[in-house]
Amino acid sequence: MASYGWHLWTVIVALSFASLLSALDSSIISTALPTIMHDLGSSPAYPWVANGYFLTSTAFQPLFGQTANIFGRRILTLSAVLLFTIGSAISGSAATIAALIAGRLIQGIGGGGINVMTQIVVSDLVPLRDRSRFMSIIFSFYSIALSIGPVVGGALAEHSSWRWIFYLNLPIAGVSFASLLLFLHVPYSPDLRSNIFRRVDLAGNSLLIASVISVLIALTWAGSEYPWSSWRVLVPLILGILGIAGFLILESTTLISEPTMPIRIFANRTSLPSFGLSFIHSMLTYWVSNYLPVYFQAVLEATPTGSGVDALPSVFIAMPFAIAAGFGLSFFNRFKPFMFAGFAFLAAGYGMLSLLDRSSSTAYWAASQGVAAAGTGMLMSVALPAIQAPLAEADQAITTAAWGFVRSFGGVWGVAIPTAIFNSQANSLLYRVSDDMIRSRLANGGAYALATRSFMMTLNSQPIIKGQVLSVYVDSLKLVWQVGIAFSLLGFAVTFIVKGIPLRENLGTHFGNSPDEKDQIDEKDDNSSLMDEPLVEHVYVTPPRHTKRREFARSFCYLSSLHLSGNWGMEALDLMRYSGTKHGIETIHEYDTWI
């Protein structure tokens with residue numbers, strides 16, 4: 001077990017606040033949007049004030065992961081925080097909906113970068129076995145922000161100005177940026193700078209970004225602008241899915257020298273199912289966070305701000321369970337038990353939620369969301385270490401970016417799927433509503449749009465009609481939670497496929513924080529000496545003649561923490577090993593033989 005100094009903790013706190021801002025701005029806008037529309041004017045484009053953030057946040061995460069290996073961690077992390085800050089300033093000062101959407105798009109790029117770079121930097125600074133301890137702290141900040149966002153947004157819009165939703169980001173982001181600028185000093189080898197831009201996977205990233213945008217446009221329109229059966233929904237959805245499939249095929253070929261998402265990171269029994277579990281976990285997290293407010297506002301008739309307060313038990317439960325799972329993983333060095341427990345809690349929580357109705361007590365609905373939140377918190381801390389466990393440290397940046405993309409993409413479907421279920425079930429139950437006008441307003445997605453206290457209060461003079469509408473909401477939500485149970489059980493079943501392996505206890509990356517390393521980490525185990533001195537000083541290999549092999553060798557030397565000196569036209573390459581492990585030596589020897 002390692003002890004860590006104040007440099008590392010300063011970086012962790014700075015990353016935690018950056019992560020908090022990223023999560024806050026993904027959820028804060030929902031309750032403030034009506035006020036924003038009243039101030040800036042209604043527009044058909046208003047959904048993109050919220051969805052634009054998710055679009056760029058999801059689409060650009062893999063690009064941050066790949067370029068982190070090329071330009072270095074520090075500049076990418078600082079750039080992400082800076083982009084988020086610039087986007088916040090533009091959004092807060094926006095005089096039109098178009099300017100606000102532009103600011104949100106820039107915010108999303110920065111927010112996606114923060115999500116990825118936070119985990120990459122932690123992976124660089126902390127051995128795999130201990131990472132969950134620090135990630136659980138950062139995830140706790142993320143979880144808090146995700147839950148309190150609607151409360152903060154509603155309160156600021158109601159009692160101050162909606163512009164402070166964005167202006168409040170500026171001082172916090174500024175402190176985070178300054179702390180990272182002062183204390184995050186990650187080593188970076190500039191030896192390959194002459195070909196630095198050629199190494200960026202432009203083809204892969206362009207295809208992925210275009211495909212994700214196509215899918216998100218379809219999901220934004222589906223059920224609100226157009227029905228799911230409309231060609232305006234189906235065409236971009238199908239093209240986007242085909243584009244993602246094409247991206248994965250492209251990444252598996254030799255056409256890309258340094259792929260954004262190489263197939264090798266999926267090619268084992270631990271990482272592949274763990275990516276799937278991360279998708280399901282993220283989907284279920286957004287599932288409950290988007291449909292609990294429907295219950296609170298439409299069934300219990302809470303205000304938007306009150307609905308946010310009613311969801312706070314999720315925060316108070318998820319945070320300690322995330323931290324406990326993170327420290328438990330570090331102590332026991334086993335992640336599968338926490339995966340099983342997490343999905344079991346989710347299934348039980350969703351089962352309890354499926355029994356909610358108008359007469360449910362406060363204690364019951366609080367306990368229901370608390371049980372689900374316990375599962376969400378536990379899974380939050382163990383998924384990424386499980387994915388990284390069987391993979392080389394050199395792949396941890398692209399692996400983390402892939403994980404972030406999968407999580408964000410899962411969150412998108414965690415909104416789209418329950419919305420489709422809810423609207424479909426509501427349509428099938430509208431025969432219960434005897435008032436033709438009310439029935440027409442609730443049809444074709446209207447039930448979700450009208451799931452507010454203000455709408456339900458307009459029915460107070462018609463108690464029979466109100467009871468009929470309530471039954472539609474309660475039973476539509478019941479099906480939403482029941483499908484959630486099925487996905488939770490699917491996650492539980494997939495966990496059996498995951499191969500449990502121990503987590504590495506030594507740090508095998510050369511991107512660790514450079515200043516005053518003894519203050520950063522003090523290894524107490526017998527293997528710490530492996531990192532004290534370079535194990536290999538010089539290894540000579542014959543340069544490959546084939547162009548693709550030359551590019552592979554160039555990438556290999558960089559990603560394997562090797563210092564490259566000499567001329568590629570010479571008979572031999574002088575490879576200086578800065579630091580490494582026994583695994584690194586074996587890899588070098590295998591490479592020497594292959595040449």
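Quick reminder: no glycine exception, Cβ is built from N, Cα and C everywhere.
Lifted from TrEMBL, the feature list:
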DOMAIN    11-463  domain 'Major facilitator superfamily (MFS) profile'
TRANSMEM  6-24  transmembrane segment
TRANSMEM  75-99  transmembrane segment
TRANSMEM  105-122  transmembrane segment
TRANSMEM  134-152  transmembrane segment
TRANSMEM  164-186  transmembrane segment
TRANSMEM  207-224  transmembrane segment
TRANSMEM  230-250  transmembrane segment
TRANSMEM  271-292  transmembrane segment
TRANSMEM  312-331  transmembrane segment
TRANSMEM  338-356  transmembrane segment
TRANSMEM  362-384  transmembrane segment
TRANSMEM  479-498  transmembrane segment
**Fill in**
Checking 6-24, 207-224, 230-250, 271-292 against the transmembrane segment (338-356) for Cβ pairs under 8 Å, the most are found for 271-292
**Item:** When counting Cβ pairs under 8 Å to the transmembrane segment (271-292), the leader among 6-24, 164-186, 207-224, 312-331
**Value:** 312-331
**Within-chain partners of the transmembrane segment (105-122) [C-beta distance under 8 Å, separation at least 6 from its ends]** = 11-12, 15, 18-19, 21-22, 25-26, 52-61, 64-65, 68, 73, 76-77, 79-88, 90-91, 131, 134-135, 138, 184, 186, 384, 396-397, 400-401, 403-404, 408
**Request:** Using a Cβ distance cut-off of under 8 Å, indicate which of 75-99, 134-152, 164-186, 362-384 has the most pairs with the transmembrane segment (6-24).
**Result:** 134-152
**Prompt:** Given the transmembrane segment (134-152), which of the listed stretches 75-99, 164-186, 362-384 has the most Cβ pairs that are under 8 Å apart from it?
**Reply:** 362-384
**Fill in**
Confidence over the domain 'Major facilitator superfamily (MFS) profile' (11-463), expressed as mean pLDDT on the 0 to 100 scale, is 87
